[in-house]
Amino acid sequence: MLWAFIVWLGALCIYGSAFDILIYAPRMMQSHVYFTARIANVLAARGHKVTVIDNVFRYDVDNELSSDIHEIISVEPSPEVTKLLNTGSLPTILWNSKASPEEQRTIMEGLGHVHRLQCTHLIENSTLIPKLQEIKFDFAIHEVFDSCGVGILEVIGVQKTVIVSSTGPMDVVPITLGISDTLNTPSLLSDYGSYLSFFEKRRNLKFLSGMLNFHEMQDSMISPLFKKYYGLKKPTGEIMRQANLLFYNIHEGSDGMRMRGRRSFDIGGIAFKDQKNLTMEYQTLLSDPRPKVLVSFGTAATSSHMPQNLKNSLMTAMKQMNNVLFIWKYEMEDNFTKQEELTTNIIFKKFLPQTDLLASSKIDLFVTHCGQNSLLEAFNSGVRVLAVPLFGDQHRNAKLAFENGLIEILPKSDIETPAKIVKAVKTGLEPNAKLDQNIVLISSLLRNSKENAENLLISTIEATYSTEFPPNFSKFPKNYHPNTLVRLIDSSIALVFMLFIFVFVNHFRKNYVGFKYPLSFSTK
C-alpha cells in the first residue's frame, strides 16, 4: 500500500510539473525523422504534454511516433514536392556526387529547393499556424535542417527553443550561435576529421559556405512569406540565437574534437532501437557457416538507384568471393536481381531488420554509407564497418571513425573496380587485433548510451525550463560568414603576390636595367 502511494505521489509530481512541448518534425530523411521522434517519445513517456508538427514530405517514411504523444498535427505534402521526389532523381544524384565543395553545394541546393517548396505550401495552404497561435507552449524543439520550423516557432510566439541535430552540429548552428571558430571548424559536409591543416582551411570554408547556402536559399524564399502573412520581422539568425539548449546525435567515443558551447549536449544512442528476435528465415540464413557481410546504403541513396556500372562491379566482386555470404538490401525486384537469382552467395532483400541483424553477433562485416545512426548501431553491436560515404555528413563521419581506428573506408570511386572491392572486403574480414580492441572499447562505451542519453535529455530539459528565463545564445559572439573569410584569404594571397611582383621588378630594374657588360676582347 505504501509503495502504491509513493508511485502515485511520484506520478502526481511529474504530471503536475509537466511541460507543454511543441516539436517540429519534417518527415523527409528517415534518420532525421527517427531521431526527432525518439526525443518526442521519451519526453511524452516521461509525462510531458507533447504536440508534434508532422510536416509530411514523404509517406514512405513513417513518423515513428508513439501513442504517448498528446497530439500529432499533420501537414500534407506539397504536390510539387511529391512530383519532385517521385521522379527518383535524388538517389541518382547522390550516387553520382563527389566529395568536393562544389558538388556538395549543388546537392544541398537541390534539397533546399524541396524544403522551401514544402514550407511555402505550409504557409500558404495550411491552417497549422493559426491553430498553433491559439495554444500556449512552454518551449519548442526543432532541427534546423528545415528552416521552416524557425519561422513557425517565432510567429506563434514560442521563443524558448531547443535545437537538435540527428548528426553532428549543423554548420549553421555553431556559426550563427557563436560557439565555434569558423576558420578552424571542419564542416559537416567536408571530408575532414578532427583537425584542419593550414592549406585545408580555404577548401573547408567552401564546404561551410555550401552548407550555409542550403539554409540561406530556404530563408530567401520563406522569410518574405512569413513577413507577408504573419508580420515576421526578426532575421533567422537572431531567432536561432534565442535557443536555450543544443542536442547532437553523436558520442564522444567515435567523434572528434569540436568546439562546444556551455549548453551543448551529446545524446548519441538515444535513437537505438530495441532488439527483436529474428524470424526463422533470418535465423536459417545466419546459420550459414560462411562469413556474412551485410550491405546497406540507407534510405536516401538506395541500392536500387545505384549507377549500373557500380552495381555490376559490386556483383562481379561478390561472385569472386564464393566463401562469403552477402546479404544486400536492394529495394526492388528488377532485371538486375532477377538475372542473379542463381547466385549462391548473394541474398537480395527489399527490407532488412538492420538493428536485429547487427545485434545477432552473426554479421562479420557491415558495408554502409556511414550515416550516423547506422555507424553508431554497428559500434554498439561490435560489428566491423567498411564505409562507403556518399554525401552530406557521411564523409566526415567516416573520417572521424577512421581517425579513431574504428573502421576501414572504401571510396565510392573504388567501387568501379571489382579488384579493389575484393581487397577491401577481405581486409575487413581478416584478423586485426588492434581494430577488434578498438571496437570492443567503443561497444562498451555505448552499452548504456540509450538510457544515459534519455536521462541526460530529460534532466537537462527539466532543469533548464524550471526557470522562467533560461539563458540563451543571444550574447554569444558573432562569427564571420565563410564567404567573407574566403574573400579575405584570396585578397591576402593576391596582395602578397602583387608585393612579390613589385619587389622582383624593382630588384630587376636596379640591378640589370642599363647594366653594361665589359668587353671580353681588345682591339688593336
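Placement of Cβ uses the backbone N, Cα and C atoms for every residue, glycine included.
Residues or ranges marked as signal peptide by Swiss-Prot: 1-20.
The N-linked glycosylation site annotation in Swiss-Prot covers Asn125 (among others). The C-beta environment of Asn125 (N-linked glycosylation site), restricted to residues of the same chain at least 6 apart in sequence and closer than 8 Å, is empty.
Residues or ranges marked as N-linked glycosylation site by Swiss-Prot: Asn277 (among others). The DSSP secondary structure for Asn277 (N-linked glycosylation site) is coil. Around Asn277 (N-linked glycosylation site), the same-chain residues at least 6 positions away in sequence with a Cβ under 8 Å from its Cβ are Asp356.
In the three-state DSSP scheme, Asn335 (N-linked glycosylation site) falls into the helix class. Look at Swiss-Prot and you will find Asn335 (among others) tagged as N-linked glycosylation site, backed by sequence analysis.
Beyond the transmembrane segment (488-508), the same-chain residues lying 6 or more positions past its ends with a Cβ under 8 Å from any Cβ of the stretch are 201-202, 205. Per Swiss-Prot, the feature transmembrane segment maps to 488-508; the stated evidence is sequence analysis.
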Those residues of the chain, 6+ apart, with a Cβ under 8 Å from that of Asn335 (N-linked glycosylation site): none
